[in-house]
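These notes are about the structure you will find just below.
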Amino acid sequence: MSPHFRTVTDDNPADGDAWVRAVSAGFLSPPESNPRGLAQRRERLDVPGSRPRGAFEGDRCVATLRSFDQRLTVVGGREVAANAISAVTVLATHRRRGLLRRMMTDDLAEARERGDVAATLVATEYPIYGRFGFGAASTFTAWRVDASRSGLDPKWSLPANEGSLTFVDGAEVRKVGPELHERFRRGQPGAVDRSEQVWQLRTGALWFGPDPWVEPFHVLYRDPAGVPQGLATFATDNAWREGLPEGTASVRSLLATSPAVEALLWRFLLSIDWVVTVDSGRTPPDSVLPLILPNPRAARIREQADHLWLRPLDLPALLGARSYATEGELVLDVRDPLGLAEGRYLLTASPEGGLAVPTTREPDLTLPTNALAGLYLGDESAARLVAAGLADEGTTRAASRADLLFRTGRRPWCPDIF
Ligand SMILES: CC(=O)SCCNC(=O)CCNC(=O)[C@H](O)C(C)(C)COP(=O)(O)OP(=O)(O)OC[C@H]1O[C@@H](n2cnc3c(N)ncnc32)[C@H](O)[C@@H]1OP(=O)(O)O
C-alpha cells in the first residue's frame, strides 16, 4: 500500500492520536496508552505555527515530521525566521523507502515559499541530514568536574553586595524564566526562542515521561538591583560511601546573561556541601567553566558534539541578517543538494550588517549549504573547510579573507533540544 502524506489537523483527532503513537514507536519509546496522555500530546500539536505531517496507511501513521515557527539569533544580535524541524520518525518496518525524503522535501519547499530564512534541527545521528542541505552550525561540551581538585576556595559564598542566590520552585521559574531567557538569547548567536510549553515541560507542569516527574532544584541569581540574571537547574543523587559524601550534581540547564554570571553559577554549584562532582550538562563550547578553575584539569570533557543544524533557505536574507567582524567583500558560490538556496552572491560585509546580491564575478569560495551553515554562525573556519575539502578556494587567500569577516569572539550555542 503506498502511503498517503498529509498534515495532521485538530479537526481529525484520530490522525493526531495515530501520529503521537507513531512518534513513540519511531523513537523506540513505550507507546502512550493513557487516553489523557494521548490527548495532552495531541494538544501540543495544535499550537499556532506547528505543522505536524505524517505518512498514513489507512488510519495508521507510519512516518512523522513536525515543523514549527522559530526565531534564531544570529551574530550581532538580530534574529531570523526559522523553520524548526522535529519529531522525525519512520517506523522500522517502513525505513529506507524514501518516506523521510518525501516529508522533508515537502516541508522545506513550503518553508521557502512561506519566506523562512533558514531551517533548523537537532540531529539524532550525524549522517541523516547533510543530504538535505543541513550542516552542523553549533556544538556543545559536557564536563565532569571534580570539585575537590578544582582549586576553588571551599569557603566561597556569594558576597552580600553582589546580589542574591535563591532556591525557587517550578512555578517561579515559569514566571521569571521566559523574560530572563529572552534577554539571554538576544546576546547568544545560535539560541532560539522558547514557547510557553517548553517552560511547562522543563518544570513538570506538562510531563509525558513514563516515570513520575521529580522536581529538580532551581537556583535563581538576581543582581544587586534585584533583576534575574541567571538560572541553574540541577538534580543531585545524594550518594554517600562509608560515611563520606560522594554526591553528583547533574546540571540540566544553566542560563546566564553574561560570562560573569555564568562563572558565579558554576562557583555556586561547585561549592554545595555533599557534592563532590558536577556534571555540567551541555555547556557552550567556549564555556568559561574550565578557565575559572584554578586547576582547569579538574574538569574533564565527557562529551563534545554537534548540536544545532542549520539549513539556509534564503541566502540574501540570511547573509544580510548577521554582522561581520570587519568590512570586506566576498563572492560566495553556494551549492544546494535540493536546489532551494543556491546561487552566486557578492557579499558586502561590515560590522553593521551585510548585503548579498547576485553576481557573475568569479567566486572566492564555492561551498555547499551545509559547509556554509558551519561558517555562518562563526563555529567553523573557512580555512578548515578548505583544508578538509568541504569548500573550494577560487581566489588567492579567499579562505583567510572569509575568516576575517565571519569570525566571532564567542562561539554559537543553542541550549535547547527540540
Ligand atoms: C530532527 C529529528 O527529529 S532527529 C530524529 C531522527 N529520527 C530517528 O533517529 C529515529 C530512528 N530513525 C528513523 O526513524 C528513520 O530511520 C529515519 C527518519 C532516520 C530515516 O527515515 P527513512 O524513511 O528510512 O529515510 P529515507 O528512506 O527517506 O532516506 C533518505 C536517505 O537518507 C539515508 N538515511 C536515512 N537514515 C539514515 C541514517 N540513520 N544514517 C545514514 N543514512 C540514512 C537513506 O539511506 C537515504 O539515502 P539516499 O538519499 O542516498 O537514498
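FYI, residue positions are counted from 1 along the chain as it appears here.
Cβ coordinates are placed from backbone N, Cα and C, and glycine is handled just like the others.
Any TrEMBL annotation is an automated prediction that lacks curation.
Taken from TrEMBL as is:
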| type | residues | note |
| --- | --- | --- |
| ACT_SITE | Y129 | active site, proton donor |
| ACT_SITE | F418 | active site, proton acceptor |
| BINDING | V88, T89, V90, R96, R97, G98, L99, L100, R101, T124, E125 | acetyl-CoA binding site |
| DOMAIN | 3-159 | domain 'N-acetyltransferase' |
| REGION | 30-52 | region 'Disordered' |
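Between the C-alpha atoms of V90 (acetyl-CoA binding site) and Y129 (active site, proton donor), the distance comes to 14 Å.
DSSP classifies F418 (active site, proton acceptor) as coil under the three-state reduction. Look at V90 (acetyl-CoA binding site): DSSP puts it in a strand. Residue pair L99 (acetyl-CoA binding site) / Y129 (active site, proton donor) shows a Cα separation of 14 Å. Around F418 (active site, proton acceptor), taking its Cβ as the centre, 18 other Cβ atoms fall within 10 Å, counting all chains. Residues from the recorded positions list (V90, L99, E125, Y129) with a C-beta closer than 6 Å to any atom of ligand 1: V90, L99, E125. Sequence-distant neighbours of Y129 (active site, proton donor) (same chain, six or more apart, CB under 8 Å from its CB) are L121, A123, W309, R311, listed in sequence order. Averaged across the domain 'N-acetyltransferase' (3-159), the predicted model reaches a pLDDT of 94.
Its Cβ placed at the centre, V90 (acetyl-CoA binding site) has 21 other Cβ atoms within 10 Å. Mapped onto DSSP classes, the region 'Disordered' (30-52) shows 11 helix, 3 strand, 9 coil.
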